[in-house]
Amino acid sequence: MENGDRAGAGAGAVGSAGSLGLRVGQAVFSSASLLFMSVGVEFFSYTAFCFLVTIMGLVIPWSCTLAMIDVYSVFVGCPLRVPGVMFIVVVGDWVLSVLSFAAACSSAAVIDLLLQFHGSQCSPRFCGRYQLSAMMAFLSWFLTAASAIFNFWFVASM
């Protein structure tokens, strides 16, 4: 085993260096999505954008909390091995993964619809920021789904 994956923790399971990288990426992309969607943009006119802001607002504290656990586990060398806690992490990851994907898809669909009207419903400045926000949400979803798969795999092998 590598140093970051001590005591048999899976490559991306909670308590490993891989998990720390995934969690930091989730927090960064979720924060970027939230920032692009909500700063100086009138997102509240569309339900899909409100949904995206809400879900990214849930992913950020979830990812940051688990990143702190990963930092502790990696530096102290004590990976998280409690089956009940791991089950909660797996369920939380799966729920947030599905919700993140739904929010990113619905936002991308609304952006596409707005652009179909040749920008008459959306100024180029706003549509560009909406697109960046949706792209960051998809990247955050990808990392959240990877975390969910790694943690599910780890729990199944416990």
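Note: Cβ is positioned from N, Cα and C throughout, glycine not excepted.
What TrEMBL lists as domain 'Casparian strip membrane protein' is 16-143. Summarising the annotation, TrEMBL assigns transmembrane segment to 43-62, 69-88, 94-115, 136-156.
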Folded-back contacts onto the transmembrane segment (94-115), same chain, C-beta under 8 angstroms, at least six residues removed: 37, 46, 48-49, 51-52, 54-56, 58-59, 62, 121-122, 127, 130-131, 133-134, 137-138, 140-141, 144-145, 147-148, 152
Contacting positions for the transmembrane segment (136-156) when only residues 6+ beyond its ends and CB under 8 Å are counted: 9-14, 18-19, 22-23, 25-26, 29-30, 32-33, 36, 52, 55-56, 59, 63, 83, 86-87, 89-90, 93-94, 96-97, 100-101, 103-104, 107-108
Helix-strand-coil residue split for the domain 'Casparian strip membrane protein' (16-143), DSSP-based: 109 helix, 0 strand, 19 coil
